[in-house]
């Protein structure tokens, strides 16, 4: 498995993966700055990251990898008999590594911008780092799902539907009592519990503490789904 992971990492050295991990966090920060200025840039940047760019980046990494393998002899590099499942799992782990890198880049951009607007905005570095990490864990289930669905659904359609559900559907369902039935809401609940950032993008006026169980439920459900999708992906045979 280690050699397979190393192979997947080597494939990405000459691709656009690293550029995506730099550009999308910057766009998230830039849009937040244009819409709200530096005063609430910290929370609004994280909102745009959770609402659009985190899942968009996951989708782009998936599509880029899918098209690269399709162009390299129509998936001949991934069809390796008993190793096929391990190769797919390695692709998921590599994508998660890139998402972690992008989250770190966003945090770094926020930290650097806070020096430019010193006295106007404050960045709570360790709190934001913790929130971004938990949001990534709460979204981890999505990556193996993308690769799993690509067997039956066009990769571009998977990408569009994935971003659509996260940006336009999840914010509404995240404010209902049955949010836990819709996985796209899990990372929204992390931000709401730890940053008092509503799924709609508004900051809660009354900062009443949310129960710790909210984060535990979201993380636990995400990990459970991640393991289920990884198992399904590992057993999947490409037709």
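Cβ coordinates are placed from backbone N, Cα and C, and glycine is handled just like the others.
No curator has checked TrEMBL annotations; they are predicted automatically.
TrEMBL assigns the feature transmembrane segment to one of the listed ranges (80-98, 156-174), namely 156-174.
Long-range contacts of the transmembrane segment (211-230) within its own chain (CB-CB distance under 8 A, at least 6 residues past either end) are made by residues 89, 92, 134, 137-141, 144-145, 148, 180, 183, 186-187, 189-190, 192-194.
Long-range neighbours of the transmembrane segment (129-149) within the same chain, counting only residues 6 or more positions beyond its ends whose Cβ lies under 8 Å from a Cβ of the stretch, are 46, 49-50, 54-55, 58-59, 62, 88-89, 91-92, 95-96, 99-100, 103-104, 106-107, 158-159, 162, 183-184, 186-187, 189-191, 194-195, 215, 218-219, 222-223, 225-226, 229-230, 232-233, 236. Most Cβ pairs under 8 A with the transmembrane segment (46-64) among the ranges 20-40, 99-123, 156-174 are made by 156-174.
Outside the transmembrane segment (156-174) by six or more residues, the chain places 51-52, 54-56, 58-60, 62-63, 142, 146, 149-150, 182, 184-185, 188-189, 192, 199-201 with a CB less than 8 A from a CB of the stretch.
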